[in-house]
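Listed features, source TrEMBL:
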type	residues	note
BINDING	C:R48, C:R54	NADP(+) binding site
BINDING	C:R125, C:S126, C:S127, C:N237, C:A238, C:G281, C:K296, C:P297, C:T298, C:A299, C:S300, C:R322	FMN binding site
4 protein chains.
Amino acid sequence: MSYNTFGHAFRFTTWGESHGPAIGAVVDGCPPGIAITETDLQPFLDQRRPGTSRFTTQRQEPDQVRILSGVFEGRTTGTPISLMIDNVDQRSKDYSDVAKAYRPGHADYAYDAKYGFRDYRGGGRSSARETASRVAAGAVARLVIPEVTITAWVEAIGGDAIDPANFDAAEIGRNPFFCPDPVAAARWEGLVDTARKAGSSLGAVIGCAATGVPAGWGAPLYAKLDAELAAACMGINAVKGVEIGDGFTAATLRGEDNADAMRPGDNGPAFLANHAGGIAGGIATGQPITLRVAFKPTASILTPVETIDRDGAATEIMTKGRHDPCVGIRGAPVVAAMVALVLADHKLMHRAQVG
Amino acid sequence: MSYNTFGHAFRFTTWGESHGPAIGAVVDGCPPGIAITETDLQPFLDQRRPGTSRFTTQRQEPDQVRILSGVFEGRTTGTPISLMIDNVDQRSKDYSDVAKAYRPGHADYAYDAKYGFRDYRGGGRSSARETASRVAAGAVARLVIPEVTITAWVEAIGGDAIDPANFDAAEIGRNPFFCPDPVAAARWEGLVDTARKAGSSLGAVIGCAATGVPAGWGAPLYAKLDAELAAACMGINAVKGVEIGDGFTAATLRGEDNADAMRPGDNGPAFLANHAGGIAGGIATGQPITLRVAFKPTASILTPVETIDRDGAATEIMTKGRHDPCVGIRGAPVVAAMVALVLADHKLMHRAQVG
Amino acid sequence: MSYNTFGHAFRFTTWGESHGPAIGAVVDGCPPGIAITETDLQPFLDQRRPGTSRFTTQRQEPDQVRILSGVFEGRTTGTPISLMIDNVDQRSKDYSDVAKAYRPGHADYAYDAKYGFRDYRGGGRSSARETASRVAAGAVARLVIPEVTITAWVEAIGGDAIDPANFDAAEIGRNPFFCPDPVAAARWEGLVDTARKAGSSLGAVIGCAATGVPAGWGAPLYAKLDAELAAACMGINAVKGVEIGDGFTAATLRGEDNADAMRPGDNGPAFLANHAGGIAGGIATGQPITLRVAFKPTASILTPVETIDRDGAATEIMTKGRHDPCVGIRGAPVVAAMVALVLADHKLMHRAQVG
Amino acid sequence: MSYNTFGHAFRFTTWGESHGPAIGAVVDGCPPGIAITETDLQPFLDQRRPGTSRFTTQRQEPDQVRILSGVFEGRTTGTPISLMIDNVDQRSKDYSDVAKAYRPGHADYAYDAKYGFRDYRGGGRSSARETASRVAAGAVARLVIPEVTITAWVEAIGGDAIDPANFDAAEIGRNPFFCPDPVAAARWEGLVDTARKAGSSLGAVIGCAATGVPAGWGAPLYAKLDAELAAACMGINAVKGVEIGDGFTAATLRGEDNADAMRPGDNGPAFLANHAGGIAGGIATGQPITLRVAFKPTASILTPVETIDRDGAATEIMTKGRHDPCVGIRGAPVVAAMVALVLADHKLMHRAQVG
C-alpha cells in the first residue's frame, strides 16, 4: 500500500522517475471555470528547474509542462487535470556505481530493503526531480486561492543565515539563491562554490509566509492546517524539520510572552504579535501563516564515503552524475508549492463543511 | 469537511469534548487474534492522566478506559475497537470568561471564526483532554507492533535542557517530568513551581525514539514515514515544531558529515551514525527512529492578557479554571502514542504492498 | 485493513456487535449550527427497532440513542457527533449451536475464514443489529439535507408485489410492513405468518425515492452518485441487488424509449419520463432519485440445513434465537438512512468543488 | 470535491476526455517485482477497443497503451504505474448540435447543471472512452491476482437472453458479442443490425464470474466485497443495475431454498449451491463470485428526441457522430476489469489486516 496522492478535497497524484520518459501529476477536485493555460504554470516550473546557475545541478531540463486533460476552451472543467513534463537529459550511465552500492544518507538502501530492488537511475522515484510535478500541481493550486500570496525564500545555507533586518522580498528573485538579503546572497556565492568544488554539499533552511488566508480555514483534529503543512513539507526530499510560527523557540517562552494579544481591528482582531504563525487549534487565525523548513545537505557527493554494496560487502562510494551542491536552494519553490496545495485543499474543505 | 480520523490501514477516529459526558476513539483495521484487555491499556492512560502531581492540572480524572467492541474472549476480532473514557470532573462554571472573550494563543477565536460559535467549556474539542483518546488508541497500536519499543521523554522545559551525558531511560518513570536526567528533574521542580505560582506557563521539548522498526516500513511519496510522524506530532495540541533525526541541525552540516556511513553488519548494514533519525526517502532504514517535538507554553494562564470579546470590543482575559503550567510535560506519552499509531499503520501498509 | 467508515466530506464510522454492551456511530464533517436533539433522531430508530410486531424478531431493544459529543446548547458544533445505543436484550446462550457450526447463507464461515475466529453471539459484527447505527447516523444526515425528502417502502415480499396503482405513501406508516398498498399489506400478514410458523423466512424488495435533490450533486467518475448509492445499499446486510431508475428493465429498452425527453420547465427542464432514476453520468438531474434494493431471505431459520462444523465435519444446523422472518421489512428505514447519508455527503462534496 | 480515484490499498486514478490528446490511468500500490510489459496489457485493450466490427462505433482507435513509470527492467518497482493511451481519431465537428442542446438520457444536462459548462466534444469526460483507462488498469490488476480467473460475457441484448444450457466459455472470444451461446450470437447479428440501421440502440446484460478467490477476502462493513463490486460496476457508463449471485431472484426465495448448504470438502466446505454468488457478510466464501450488470441502451441515437437547448428553449436532437448501437457489448471487458481491480485491492487489504 503506497500513497502517491496528497489532499482531501483538492488532491493530486504524482508519478514518474528521474530517468523515465516523463513525470507528471493528476490534479483532482479543481473547481470548474478557472482560467488556465500552460503559460500560467510554466513560471513556477522555471523557478525550480535545474541548470539555471552554477549553484544547481547541471542537468539540462526545460521542464515544459503540458496540460493533457481537464481544461476546455481555456477554463478548468472540474475534471482531472493531467500535467506531464518530459525528461530529456537523462544520463543513466552515470549511475553504475549507485546500482551496486548504497549512498549513505540517500534512500538507496531503504528502497532495496522495502521493494527488493530499485530503479537506481538518478535515484528513480526518490529523486528530487519528482518535485517538478509538485510545483506544477502547486501552480494550479495557486489559481484556486487567488486571495492568498505565498512567498518562500532561503533563510540560511550551511548555517549562514540572512540578517532579518535586511529582508527584502523583492530581492528573492534577483539572485540564484532565492535570498531576500543581498548581503547574504553575496556571501553564499563563495560558500556554495567552495562546497561544490570540494565535492561536498550544504544544508539549508527555507522560510515561507502565506498572507491573505482567511480565519477559519483548517480541519481539526486530524487534518489540522499545521499538521498538514508539516506533512507536506516533511515529505519533500531532504527535509528533516518543520516549524510553524516560532517553532522550537516557542518551547523556550513563557505563556504571556508567547500569547498573540489582540485588539479590536477593522476586520476581526488586530494581533500584536504572531508567535503562532497564523494557526491556532489547527485553524487559520487570519494572520500570515509562517513556517520554516530544514533541508539536509545533498546526499549525493563527490567525497568518498564508507558503505556496503548490494551483497552486504564493504566498499566506498563517491557519487558521480550531476547533483545540486545544496538541494535546499531549489527547495524554496517546492515549499511554496506544497503550501499552496495544502491551502487550496483547506479552502475547499472549509466550504464543504461551513458553506 | 472535518477530519477526525488518522491512518490508512490501521486507523482511529476520536470524538468528544472536554466537558461532555465522555470522550473516545474507534480503532479500525486492527489485526485479529491479538490478546487485549483494558488492563493492557490503562497504564498508558495513567501516564498521561492529570492530577498526579502539582506540576499538572488539578482536574481529577481517573481516565478509566472501557472497551465497548471489537474484542471477544480476550482477543481482537478484526472489527472496530470502541474505546470510551468518562469525563467526571468538569467544572464548566470556571469558563464564563472564556465564553465571552478569546484567550490569546488559544484556539477560541479560530473556532468562532470557523464555526460561528464554540463549546467554550474547558476548550471543548480543542482541549488537550482529547489526547487521552489518542493515548488509548496508541496503547492498542503498541500491541500491533510488539517488535518495536517506543520511549518518549521531556528534553527541555522553558529552555532548560537535560544533559545528554546524564541520559538514563530508567529515570523517565521516576519523576513527574518524564525526565531522563535526574539532575535536570531536580532543577525543573523549582522552575515549574515558580512559573505556576506566577500564573505563567512554560514550553517544553519532547524527545522520542522507536527501536526495532524493520527497514522497509514507510510509504513513499505522500505517506512517507517522516511526513506522517510530522503530521501526527504537529497535530498534537500546542506543538509548533517537529524534527526527525538531526532536524534543523542537519541544515548546518556538510554532506560528508551528515552521511550515515555503513559497514557490513549482522542483519543488514551496521550504521556508523544516525543523523537521518532512521528514515531515508520516507522509508525506515532499520536504525532507531528519533524525533523531537516542540510544545509552546500553555495558552491558558492566570496572567492577564490584552484581547477582544466576541463582539470585537477590547478587554483583558485571565484564565481561571485548572490548567497545566507546562502542557508539554504530559505531551511525552502523547507523542509516544502518536508514534505507535503511525508505526502500526505503516506495518500494515507495508505488508499490504510487499506481503 | 478493514473499513468501517463511509463517506467523503460527511462521514460516519460504526462500531459494535450484536451482544456487546452497546453499538454506535461517529458522524464526522457535519456542518455547524444545525439544531439537533436526541428526539430528532429517535423516531427513525423507532421505525427500525425490533419487537414492535409479530413480523419482526422478538428481541426487545428500546434502541434509545444518546448524543455524546459534537452538540452544544442544542446545535451541532462542527466536531464529531458520537451516537451510542445500548444493547439490553442479549441472550447469548441461544448461540451455542452457531458457535460450533456454520449457518448456510450467513457470514459465519466467511468470518472464520478471514479472521480465524468470530464473536458468534447474535452474529457479532455481521448482525443486522449494526444497522441501528446507520439509522442513527442517517437521521443526522437528514438534518443536513432539509431540501430533500426520502421515502422508502417494501415493494414485494417473497415475490408478492404491491400493485403500483394502489401506491399511497400515507399507507407506509400504517402497517407493520412499510407497505404503500393496503391490499398487499393485508395479504402479507398471512404470507409472513405462514413462513414464520414454518420456521422459514422470506426475501423482500425495497423501493426508495428521494425528491428535492438539486441537479448537480454527484462526483464523477469514481464517486458517482449512483455508484455510491449502490455501494451504500449493497453493503446492507442481506442485500443482493440494486437498481437505479429502471434498472434491469432498462437493458430491455430501445434508446428512444429509454430517453427521458425534456421540455422547457419553470426551474430547469421538465422531464417527460424518469427512466434514469434521476441520475445521469453520476450526477443528479433534479428529477426524483429512485432505486430498488433486493433483500434475500433471513439466513437464520428454524428449518434444519446441511452444513459443517468448525472442524469441517458434517452436521445440520437449525438456528434458535430470535430472528426476523423477513429481514427485508426492517430494511426499509435502513435503505432510507443510507440514501440520506450518501446525499448529505454529496451535498457537501458538491459545494467543496463548486461552492 | 470530485473523485477520480478508486480503491484503498491498490488504487487507480484516471484522467482524460474523449477528444483530448490522450487518456490515462495512474495505478498506485502495486506490489513490487511483478513481471510486466505493455504486451501484457494490450490484449485487454484490444478486446474493448472500438471499430473492430460493425456492431460497435466506427471510431478507429488503436488504443495502444504505454507504460510511463513504475516499471524497471521489466518488473514493477512498487511506485506508481502511469499508463497512457493516445486519442487519434477525434472528429469534434460532429458535436456542434450536442454543444447547444442536451441529449436525453446522456450526462449533458447534468454536467452543465454541476459545472456551468462542459467539454461537449464526444461527451468529454462522461464518454465511454474513459473506460479504456479502466481496462488498462484492470490488466495490471490481473497480474496482482494470478490465483483468480475472471470471465465476463454478454447475457442478453435488448431483452433477448442466452440459453444457459448453451453456455460455452470458449465461445465468448469467437463472436463480436462476447456471447457464450453461439445460437444467441447468431440471432444478435440481426437484432443489432436492425437497431443500428433504424438509428436506435439496445440495452444489454453482462454476466461475470471470478473463480479462485480465496475465502476471507473482503473488508466489512463499509468496504464489503459486494458493496465495492456494486460501486465499481454501477460506476461504469450506462449501468443501471447490479446483482450479486441470485440478486433480485433471491428476494423471491424462501430461506431454506436460498441457503447454500455445505458438506465437508477437500479445501474448506463443499457448497451444494451458490445463491450467494460467493460472498457472505461482505467476505468471499471461496465459491465463484458471480454478478450481473444491466446496461441501458446507448443514449446517443440517430432518432430525434424532444429536448431543450442550453438556453432552456424547446428543440429536438438527433446525435450524429459515431456511436455504439449497444454500448453494453463492449461493457463485458470493462466489467471484467473493474472486478479485477476490486479483487486486487481486496487481496492487498486482506493481507494488510490478516497478514
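Every residue, even glycine, has its Cβ placed from backbone N, Cα and C.
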Smallest number of other CB atoms within 10 Å: among the binding-site residues C:S127, C:T298, C:S300, that is C:S127
Whole-Å Cα distance, C:R48 (NADP(+) binding site) to C:S300 (FMN binding site), is 19
Between the two most distant Cα atoms of the FMN-binding residues C:R125, C:S126, C:S127, C:N237, C:A238, C:G281, C:K296, C:P297, C:T298, C:A299, C:S300, C:R322, the distance in Å is 43
One residue among the binding-site residues C:R54, C:R125, C:K296 has the fewest other C-beta atoms within 10 A of its C-beta, namely C:R54
Close in space but at least six residues away in sequence, with Cβ under 8 Å from that of C:A238 (FMN binding site), the same-chain residues are C:A128, C:F295, C:K296, C:T298, C:A299, C:V327, C:G328, C:G331
As a whole number of Å, the Cα atom of C:S127 (FMN binding site) is distant from the Cα atom of C:R54 (NADP(+) binding site) by 20
Cα-Cα, C:S300 (FMN binding site) versus C:R54 (NADP(+) binding site), nearest Å, comes out at 17
Binding-site residues C:R48, C:A238, C:T298 with CB under 8 A of any chain D CB, in sequence order, are C:T298
Listed in sequence order, the binding-site residues from C:R48, C:R54, C:S127, C:T298 whose CB sits under 8 Å of a chain B CB are none
Students should find that the Cβ of C:R48 (NADP(+) binding site) has, within 10 Å, a number of other Cβ atoms equal to 25
Spacing of the two Cα atoms, C:R125 (FMN binding site) and C:R54 (NADP(+) binding site), in whole angstrom, works out to 25
In the three-state DSSP scheme, C:R48 (NADP(+) binding site) belongs to helix
